[in-house]
Each structure stands twice: as structure tokens, then as C-alpha cells.
Protein chains: 2
Amino acid sequence: MATRTDAPTRREQILKEAARLFAERGFHGVGVDEIGAAVGISGPGLYRHFPGKDAMLAELLVGISDSLLTGAKRRLAEDGAAGAEAVLDSLIEGHIDFALDDRPLITLHDRELDRLRDADRKMVRQLQRQYVELWVGVLREVYPAVAEPAARSAVHSVFGLLNSTPHLGRPGRAVTASLLHRMARGAFAAVGEA
Amino acid sequence: MATRTDAPTRREQILKEAARLFAERGFHGVGVDEIGAAVGISGPGLYRHFPGKDAMLAELLVGISDSLLTGAKRRLAEDGAAGAEAVLDSLIEGHIDFALDDRPLITLHDRELDRLRDADRKMVRQLQRQYVELWVGVLREVYPAVAEPAARSAVHSVFGLLNSTPHLGRPGRAVTASLLHRMARGAFAAVGEA
DNA sequence: CAGGGAGGTTAGCGGTCGTTAACCTTAGGG
DNA sequence: CCCTAAGGTTAACGACCGCTAACCTCCCTG
């Protein structure tokens, strides 16, 4: 399990603050001095931990995409025996957890992808595509009548729905999670029953 | 009606290209020279039409918010007699039209708001809030059991769903529009029937 | 207890960006 | 036929930004 109880490393502090700032003001809108100030060191000190500003964004985006995909694969393996419906619910739940717990990251995820170097962008895109295709596969098991392109569009749209958390009020985590879950299922059902 | 058949003015060309570039690379990621080049003039020439780069973004965002709200008010007035269900469908249709026809604008709309001067941002926020509240009112007419905070969250989430068009493939406009419409109704229904 | 690496600091360089200044060209009206 | 306004141009300025250089200070270890 490796539940983390230790204090966060400096690197992790930097990544967390950088994510927050990038999400708030955009990658180009944040200077390295601000990121440094956010963790109590000053600008150039960051270069002891990262080769450059781009590298921070790259690590963030690859990390998000990878952990989304890894979590989804795990859920597919664990809940697969319980049927496609259960897996779909589990995927939705996982994505909602992520959107609620790491709002800055979910914002960056679909907003700053184009600021990456080619190699990093390709990697992120590949992880994202695998994540989408995993959802598409499960969705089409639940609703076999849905053609693949429609399923893919539906998945992207539901991501848009779930990723709307930054715009939502804060009426308690469980309430929001439940609402989002029901809406996602409702949206999928509307595609499946067409 | 004033249907526009005349050629677009230079100002309009600039706004259109600026919207595209801002959506692609972010407000801070685009230089004035690039915007100029996109309309065939060079950097500082833009200042004959706008007082500054910020003013272009401001005009774009206020314009979007205003036209969304105006369209929604018109639909409410025109289709109100046909009942709340019909108005809701009309609102959804209008938002989808917008998301499909002006993808760069819909992207900017929820992404670059914080780059505005205080006065402009307040104005945009107010227009957006009115737009949301109009939807909330109609939604609660269709589903009276839904409490106001839940309705507001639901509306924001459906906006997230409808605004996902930039991530979608292009399988023909009508097909996409129909899919999005059904999903939006399905998501709302799931909230209403809870 | 020397010494070296880890992790800071400040100064400053080179490039870019938004903006202004100064100047030029053209079309239309008195 | 001038003259003015509209709409361009290039040059350049000042600010800022990412990053490097040079230096300092601990702490850990052989």
C-alpha cells in the first residue's frame, strides 16, 4: 500500500504548487520566481530539482495521465468479475475521486497539453488514448448497441461533465460525487437507449 | 435581422484570428506579432483597431457571454408558451449550436477569464451568472423536486459536457449535436429522478 | 575533522513581449 | 488640388522572463 505519512519532499512541494499556479494563471502566466516563492525558495533554486520550467509541467501531465490509466486498469482487473456495469461504476467513481481531490491537475490535464515538448506530448497523448479506449470498451459492454465512434464521443463528453468540478460550489464532497455519478450514468444511458 | 452578407471588417478578422490563437496556445502564449501576421498586417498595426492585447480578449469574452445570454432570453420568450420541457430543449440546442460553431470561443470562455481586467471580468461573470440562473430556473420547472444548489451544479456540469466539443471527432455536425442533446437530457433526467 | 555534495543565494545575460514613436501611403471631399 | 483621416510601416524602448554563473552554507560521512 505504501500509505504516505512522511512529510512531502521538496520536489513534491514544488510540483503541487506549480500545478496550482499553472491551473490558476496558465503555464505562460506563471514565472519561475512565483513558483519558487510558493515553496519558500527563490526562483533559480528550482533548478536544483528540475532542469527547467517545462520539465515541471511535463512531469505533472505524464503523472496525471499515468495514474488515471493505472487506476482504471486496476479497477478493471479488480471489479471485472462483478460485471461490466460494476466496472463502469468503478471507473466513474475513480475519475470523480480524481477530479475532486486534484482539481488543479484535472484542469491542467486538458488545457496545457500543447505546451509540452513533442516527446512528452506524445507520451501523454498515448496514455490518454489508452484511458479513453479502456472506457470505450467497458461502455460498449454495457451498451452493445452503441457504435464505437459514438461511444468514444460519449466518453469524451462525460469526461467534460466530470471535469467540471472546478466550476462547482462546495456543498460537501459526497453530495457532489453522488450527483456527478448519477449524471454520468444518465448521460451514458441516454446514448445506450437511443 | 441584419443578416450579414458583407465582407468582414478588419476588426472582425482580427477578433476571429485572435480567438483561434488564444484558444490554441493560451492568451500569454500568443504574441501580438502573430495575431497581426494572421490577418496580414504586422504587430503594431493592431493598435489602430484595439487599445491593446487585453482589449481583444475582453471584447471576445464579453461578446460570447452576452450572445449566449441574449440567445437564451430570446429562446425563453419564444418557446415559453410551449412549456418548460420545450424551453429546456431549446436552451440545449442553442448552447450546442454555439459550441459546435464557435469552438475557439467556447474554449476561451472558461479558460482565460482570469486574464481580464477587474471591470471586464466582473461584467463577464455577471453575464455568465445570469445565463446559469436562467437555465436553473427552467430546469427546476421541469424537475421541481431538484433543490436549487443541485440544479446549479447540474447546469454547470452539463455545460462541461456540451463544451467538450473541442475534444470530439468530427462525424458530421448533426450526429454530434444529436448525441450531445440526448446526453444532456439524460444527465438532467438522472438528477430529476433521484 | 577534512571534504564534498545537496540545496540554497544573488547578479546578470540574452531574448522576447507589449507598447509607443515617428514616418509613410492612399483615398475622398471641400 | 491640397489636406486630412485611416491604416499601415519600421525602429526602438523598457519590462520581464527563463536560465546560468558564481558563490555560500550546512550536514553527512570516511
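Cβ atoms are placed via backbone N, Cα and C, with glycine included.
Model, not experiment: these values are computed from the prediction.
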Which stretch, out of A:31-50, A:71-90, A:91-110, is listed as DNA-binding region by TrEMBL? A:31-50
Mean pLDDT across the DNA-binding region (A:31-50), rounded to an integer, is what? 98
